Amino acid sequence: MAMISFSFPSPAKLPIKSQPSVSNRINVADRLILRHLNAGDLRGAVSALDLMARDGIRPMDSVTFSSLLKSCIRARDFRLGKLVHARLIEFDIEPDSVLYNSLISLYSKSGDSAKAEDVFETMRRFGKRDVVSWSAMMACYGNNGRELDAIKVFVEFLELGLVPNDYCYTAVIRACSNSDFVGVGRVTLGFLMKTGHFESDVCVGCSLIDMFVKGENSFENAYKVFDKMSELNVVTWTLMITRCMQMGFPREAIRFFLDMVLSGFESDKFTLSSVFSACAELENLSLGKQLHSWAIRSGLVDDVECSLVDMYAKCSADGSVDDCRKVFDRMEDHSVMSWTALITGYMKNCNLATEAINLFSEMITQGHVEPNHFTFSSAFKACGNLSDPRVGKQVLGQAFKRGLASNSSVANSVISMFVKSDRMEDAQRAFESLSEKNLVSYNTFLDGTCRNLNFEQAFKLLSEITERELGVSAFTFASLLSGVANVGSIRKGEQIHSQVVKLGLSCNQPVCNALISMYSKCGSIDTASRVFNFMENRNVISWTSMITGFAKHGFAIRVLETFNQMIEEGVKPNEVTYVAILSACSHVGLVSEGWRHFNSMYEDHKIKPKMEHYACMVDLLCRAGLLTDAFEFINTMPFQADVLVWRTFLGACRVHSNTELGKLAARKILELDPNEPAAYIQLSNIYACAGKWEESTEMRRKMKERNLVKEGGCSWIEVGDKIHKFYVGDTAHPNAHQIYDELDRLITEIKRCGYVPDTDLVLHKLEEENDEAEKERLLYQHSEKIAVAFGLISTSKSRPVRVFKNLRVCGDCHNAMKYISTVSGREIVLRDLNRFHHFKDGKCSCNDYW
């Protein structure tokens, strides 16, 4: 057998075993970094870079650093990005333009525009700038509130003879979204039209849409851009839907969504979230449910659950939030956003403030998700609707524990909570403890001072706002004007109006709307009408404010004329508009007209009537004496009538002396709210009118057992710079003797003219022998009569006497005012709980129908 021999090489010829070369080690390290990045392990990639630095290994080029920086930017981990930049300097690698541009983007998105400037200047020294660099620098300035610098960079770019591309145009147009620079944006649009970039790029079109919406507040121009875009995608459609919502056009947002679907585009989670917001705004539960089903079929429901919770909460017309709770309970993982959406949904329903706080406590107790500043803001708003101050203090303790109490939005919510709870001393302490007060802080506290009629402090706050150049907002003046309107201080209102003119806000739409409301509520409807007529740009709030003003003054014909003019000008009414329309019809007895408008709400404008609209219809029928029709109407409502509806009906039962229906209405009220004093008071009055004194006394006794107190009648009048308040039989005023002398004189004179006191309105059983005389004395001491007497001796004869009352004016006072206007030769303007009465020459503007 032949032997097979093997020949081995000599040791000298064997390959030498060697260490890997430095370049091989660098390639391995680079590949390791890239492998970490491809796996989404950013921290692992940066750790590999640190190992290279420790071992003294220098990467071969800038590609690795560029990849690292882009990953840091995508992950928004700017701390790691800055660490990568430090390593870049340490390794002494010369960046190329791509790497420099990534550095500008890093510092731009981290908000450090000064550092981005340094990088951009370095690029100039080394001749590394390109069009992308210029675009990135413009975007940096534009995104960090330095719009003018962005425009300057664009001008410098053009002066160098460089040709802008789509990214460059997009960056400068976004900078022009500030209203101060829209003119520059329009000039840039001219460049776009000439160079053909207008229709070439989706991003350019989107930036133009934003410029017109944010800078000009012009959705019409934004739509023109959208309509001319050659390429549309889900981003452009979603942008238009979102901007519709931001401008307060939810119906248009839904129309855009339907057009998008019909055009064959698939919606994404951002689209659906915006459309759910539109459904929530319109309270269109039917469409919201259809879209919910669509989201389930599309597999997007998990991405829009927070929007669903919000939508179901806002669409609960009957106060039920069961649907939004069901969506929340079905969620596998609850985020801080979903918890906050649910808490906010409960908070916005004032009757469920306790449940909102319980949810907040549940979130804290579970401990899986930490509340953020939005959660605390909603929790504090819920606390503001509760009467127990201890709850608010407990929530505040949780905010301090998490270091969120100093957050501006949380701190402002705390101030708002104290204001709503009428705890102004606590509100002031919270306000003064703020290290940095912003305009919202001032507005919130100022609103509280106005509510509490502390106008001296309110005007001081206004001075501070202007001195600190915080920029007085429309809300600032709205709060001031709302405060003076509530008390009827027309002098203070006129002072604020002069401030508005001085600050150049006389054409500001929200401010003008507040002025219309203020003058209307202060009894100067003609001045309100002048403000309205001088407005160049009126929205639905402007029209509704004017319509409401006419309605409160009893000018039903002017209400209907203004409403028709509003429709002719293409302005769509809202729910508040119809409350004013129905109220106007109610106060002048236009039953058929009221029915017509009630039915047209949904038929013509797709507005579903709410509880307040049904209450207006009940009031309309009751004032016309149609109690049976009103009762049947209540029983056919699509949801259970609330206390407001039954209270309206009960008041009518007292006026029309219908004891049986009155008892039924009172029982309904007490079933809904056992502590509602109006039910006991009205039923007691019904029994008294019927001569059933024992039953009347029994109602008063039950009130006393429950510690329920009837709101006392109070009237007030502004004389000089002071508000003078009067109560029934009030003798506390320094001029009480002169007031009662004038009142005695007036009573004597008006009796000579035919005035007869209506003693049937004194619903007390008196034991005195001279029963009628005592009843007359009680009538003479009503607060509105005292206030009018004071007004006649304290104000100029050339001005109307303006009196305000917190309750409905009684029939006897109403009759007496007509006579007083005759004997005094003065116009008397009286605002009660429901409306204005203009007494002049023995007649009232309400024609005795109120």
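Cβ coordinates are placed from backbone N, Cα and C, and glycine is handled just like the others.
Swiss-Prot has this to say about the protein:
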type	residues	note
TRANSIT	1-50	transit peptide
REPEAT	61-95	repeat 'PPR 1'
REPEAT	96-130	repeat 'PPR 2'
REPEAT	131-164	repeat 'PPR 3'
REPEAT	201-232	repeat 'PPR 5'
REPEAT	233-267	repeat 'PPR 6'
REPEAT	268-302	repeat 'PPR 7'
REPEAT	303-334	repeat 'PPR 8'
REPEAT	335-370	repeat 'PPR 9'
REPEAT	438-472	repeat 'PPR 12'
REPEAT	508-538	repeat 'PPR 14'
REPEAT	539-573	repeat 'PPR 15'
REPEAT	574-609	repeat 'PPR 16'
REGION	645-720	region 'Type E motif'
REGION	721-751	region 'Type E(+) motif'
REGION	752-850	region 'Type DYW motif'
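Outside the repeat 'PPR 2' (96-130), and at least 6 residues removed from its termini, the chain residues within Cβ reach (under 8 Å) are 62, 65-66, 69-70, 72-73, 76, 78, 81-82, 85, 88, 136-137, 139-141, 143-144, 146. For the repeat 'PPR 12' (438-472), the DSSP-based tally of helix, strand and coil residues reads 26 helix, 0 strand, 9 coil. Taking H, G and I as helix, E and B as strand and the rest as coil, DSSP gives the repeat 'PPR 6' (233-267) the counts 26 helix, 0 strand, 9 coil. Across the range of the repeat 'PPR 2' (96-130), the DSSP-based residue counts are 26 helix, 0 strand, 9 coil.
In the repeat 'PPR 7' (268-302), helix, strand and coil residues by DSSP number 30 helix, 0 strand, 5 coil.
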